[in-house]
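Pulled from TrEMBL, these are the features on record:
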- 119: active site, proton acceptor (ACT_SITE)
- 120, 125, 127, 129, 139: Ca(2+) 1 binding site (BINDING)
- 214: substrate binding site (BINDING)
- 244: heme b binding site (BINDING)
- 245, 296, 304: Ca(2+) 2 binding site (BINDING)
- 88-166: disulfide bond (DISULFID)
- 121-126: disulfide bond (DISULFID)
- 172-376: disulfide bond (DISULFID)
- 251-283: disulfide bond (DISULFID)
- 78-380: domain 'Plant heme peroxidase family profile' (DOMAIN)
- 115: site 'Transition state stabilizer' (SITE)
């Protein structure tokens with residue numbers, strides 16, 4: 001029997017309801033997370049169901065129990081922008097200060113932190129698994145990360161600063177997401193409110209990372225499929241590729257285009273002639289494949305839409321960049337977006353923000369799943 005079976009002329013069930021809410025919320029309401037409040041309320045409902053009471057009240061308790069359980073399950077699976085507003089109110093300013101210091105020391109770090117978040121989310125969701133140290137089976141040793149992924153020391157510094165004021169509260173996965181946003185903002189790009197509440201994963205798998213992460217040598221259809229596999233779409237492919245408006249790349253990631261592209265014995269014909277000559281001199285055959293050059297030629301450190309202007313002129317550095325405009329498949333998939341972004345920076349910024357939010361929401365661990373690591377490089381003992 002539910003609410004309809006109660007005598008509404010009586011205030012008894014209203015009083016009991018208030019008592020149950022008092023039990024759930026209590027004096028810790030202002031400092032508790034939504035999950036804590038939900039857990040307490042469900043506990044109170046369970047206790048009420050176990051009490052000896054008239055059947056009509058048991059029906060009422062059961063109705064409230066089911067409603068509260070459904071609401072709490074929803075709350076536990078949702079990321080929110082104010083997740084740490086009570087438990088760590090200084091979080092955002094602490095992260096911003098550390099990221100600002102790191103970028104001031106080395107401007108390239110902005111791109112490195114953005115890339116870390118990207119590589120984390122594409123492999124088993126945004127759970128900070130990319131940060132875990134270990135043997136050569138971990139993500140740090142995946143082809144896309146080994147001797148390439150960087151910024152780990154900056155994340156360590158952020159974690160240390162956050163722990164000083166909010167010990168055991170903030171996940172490394174959330175720190176990565178905030179640091180990525182701040183890196184974009186401090187490079188002149190758009191801002192957004194980062195969804196928070198992720199927990200840290202317990203496993204890092206380099207083999208799976210090799211399969212999941214897009215490669216600069218892949219064809220456009222393969223890259224699109226990897227985005228689709230994690231719930232993203234073609235707009236996300238193009239807008240997130242726009243993150244290459246900042247940062248550097250090694251000769252090893254694009255020298256396949258300079259002399260013998262796809263076994264033709266000639267350079268990639270989609271590369272602009274002057275840029276080709278410059279890069280052939282910079283990355284000669286049998287030269288140092290670890291030398292770096294700018295991903296966004298003539299706009300290295302500014303987060304803008306210049307990257308897309310370059311693609312229109314054959315000046316995309318990586319093969320995976322230029323195929324967004326010049327490949328046959330691009331005509332029916334990505335080319336029109338490249339053209340739109342090249343002439344409309346506001347559109348690019350808006351789509352980039354939406355895509356970053358979507359990417360940051362790939363399979364997050366929430367509730368009691370995962371953990372809050374004490375050290376971002378290792379699971380808790």
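Numbering starts at 1 and runs along the chain as displayed.
Cβ atoms are placed via backbone N, Cα and C, with glycine included.
Put plainly, the disulfide-bonded residues 88, 166, 172 were compared by Cβ crowding within 10 Å, and the winner is 172. What surrounds the Ca(2+) 1 site, by Cβ distance within 8 Å of the Cβ centroid and not counting 120, 125, 127, 129, 139, is the set 121, 123, 124, 126, 128, 130, 173, 201, 204 from the same chain.
Of the recorded residues, residue 244 (heme b binding site) and residue 121 (disulfide bond) place their C-alpha atoms 17 Å from one another. Between the C-alpha atoms of the residue listed as 'active site, proton acceptor' and residue 296 (Ca(2+) 2 binding site), the distance comes to 20 Å.
All protein chains shown were included, and the count of other CB atoms within 10 Å of the CB of the residue listed as 'heme b binding site' stands at 24. Other residues of the same chain near the Ca(2+) 2 site, with their Cβ within 8 Å of the Cβ centroid of 245, 296, 304, are 242, 244, 246, 299, 302, 303, 305, 306, 307. In terms of C-alpha distance, the listed binding-site residues 125, 129, 214, 296 place 296 closest to residue 283 (disulfide bond).
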